[in-house]
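Report on the following structure.
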Amino acid sequence: MMSGTVTDNNTPTATKPEDLAGQVLDLDEDDDLEVFSKDATFMDGSSFNSPMPTSPGSMVNQYKFEEEEEVPDTKDIFVTVDKPESHVTAIETFITYRVLTKTSRSEFDSSEYEVRRRYQDFLWLKGKLEETHPTLIVHPLPEKFVMKGMMERFSDDFVETRKRALHKFLNRIADHPVLSCSEDFKIFLTAEELGTHKKQGPGFLSRIGDTVRAVAASVRGVRTRPEEFIAIQDYVEAFSQKMTSLDKVTQRIIKEQKEYSEELGEGSPVYTKWSDIEDELMVPLKLMASCLDRCHRESEEQVLQLSNSLLPTLHEYVLCTDTLKAVLRRRDNIQAELEAKTETLAGKKTEAEAEVESKVLSLAWDSLVGKDPDEVRQQRQQKLKGEMKEIKEEIDKMDDRLEWANNALKADWNRWQERMRADLRSVFNRTAEKNVEYYEKCLAVWESFLLSQKTEDSEGDNILDS
């Protein structure tokens with residue numbers, strides 16, 4: 001059972017988001033960077049220092065991307081998705097999530113709301129937003145089902161991954177200048193139960209009619225799509241191919257990195273057992289075991305970063321491409337309906353002209369059947385004029401709708417591109433920094449091993465000289 005509470009707290013203060021990591025530095029090959037080493041500690045407690053470059057993240061973070069400008073934080077609604085709970089009934093098992101909202105908007109009766117929502121409720125919200133704003137880009141939801149072999153449904157990893165995706169979905173809506181003002185969004189955040197709201201709206205037959213018209217418009221297509229939308233469609237197709245490829249490649253990298261990490265973990269105890277029977281090699285064997293164990297742990301951290309940061313972002317934009325294609329189809333359907341209605345009007349005009357040309361034949365026929373020819377002719381003309389007037393009014397409305405849809409899509413397209421570039425730039429930066437950190441730590445481990453061996457060799461040489 002879903003429950004909701006409303007509390008009246010003080011209006012939350014806006015928290016500025018952290019700056020994105022900065023731009024890549026151009027360094028000549030001759031430039032010298034004075035760097036220092038990181039400590040490496042082995043399992044036996046010994047530690048060594050060796051010359052080691054530190055992560056450039058500290059330098060990179062001092063810079064901002066040139067195209068990014070600071071924008072005053074005017075956010076007035078904050079949404080958090082957390083605290084998943086499992087529910088088991090005689091019919092189904094499902095997860096609900098707490099949705100906590102804090103806002104200072106006047107249209108809300110309180111400053112804080114807490115409700116529980118399940119995945120189907122998020123689907124309802126997405127569908128309502130797309131129905132009301134067909135050419136605005138609604139952020140995608142995570143898939144309802146997961147691919148076999150990735151993770152089990154309702155496992156801790158699955159629930160946590162979905163929770164983060166649902167949190168991002170709601171916050172993207174909250175950040176949108178139009179979608180965040182939607183009445184459906186307000187209902188989703190505040191209503192204790194959504195059942196009554198889900199029942200409202202067009203009936204089954206009406207939805208079937210809308211679907212049939214959409215399919216007909218899709219099959220008919222548009223005669224002349226504006227060039228700007230042709231360019232957007234071409235970009236989306238190319239972007240979709242690139243993101244799909246990168247998503248698959250990253251999944252393979254994670255799989256191979258996991259296998260590599262597991263093998264490192266298996267190698268450490270082998271060296272440890274070997275050291276028990278090799279007195280002369282006991283020290284280097286134990287150090288090898290320590291090095292492998294440390295690299296194993298660092299490799300696990302790298303896999304975690306790839307799995308929790310890079311891969312979700314790439315996959316998120318794979319789903320975004322499907323959303324963009326659907327938005328473009330809906331825009332085309334609106335234009336196709338307008339073109340079809342325009343053709344209908346042209347047909348009525350042709351019919352009116354044909355009526356004038358067939359006037360003599362029509363008069364003879366009407367006289368033959370005993371009707372007043374003038375009266376019949378006037379009735380037909382009035383009927384055609386009425387039909388054409390109605391069609392013209394519909395065309396004017398549809399023309400306004402198409403203009404609004406085009407303008408909305410163009411504005412949202414620019415907004416989406418800015419967000420996409422910022423997201424990818426940020427995750428690429430984090431991935432680069434984590435990779436540098438991983439390789440630095442592993443390098444420090446092995447350099448420390450070499451340093452320990454050099455020290456041991458020097459002590460052995462001194463003993464021999466004495």
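Glycine is treated like the rest: Cβ placed from N, Cα and C.
Because TrEMBL annotations are produced automatically, they should be read as predictions rather than curated entries.
The compositional bias 'Polar residues' annotation in TrEMBL covers 1-14.
Positions annotated as region 'Disordered' by TrEMBL: 1-23.
Residues or ranges marked as domain 'PX' in TrEMBL: 75-196.
According to TrEMBL, the feature coiled coil maps to 324-355 (among others).
Taking Cβ pairs closer than 8 Å, the coiled coil (381-408) reaches residues 133-136, 178, 226, 229, 330-331, 334-335, 337-338, 341-342, 344-345, 348-349, 351-352, 355 in its own chain, all 6 or more past its ends. For 381-408 (among others), the entry in TrEMBL reads coiled coil.
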Practice item. For the coiled coil (381-408), provide the mean pLDDT of the predicted model. Key: 90
Practice item. Count the residues of the domain 'PX' (75-196) that DSSP assigns to helix (H, G, I), to strand (E, B) and to coil, and report the three numbers in that order. Key: 47 helix, 30 strand, 45 coil
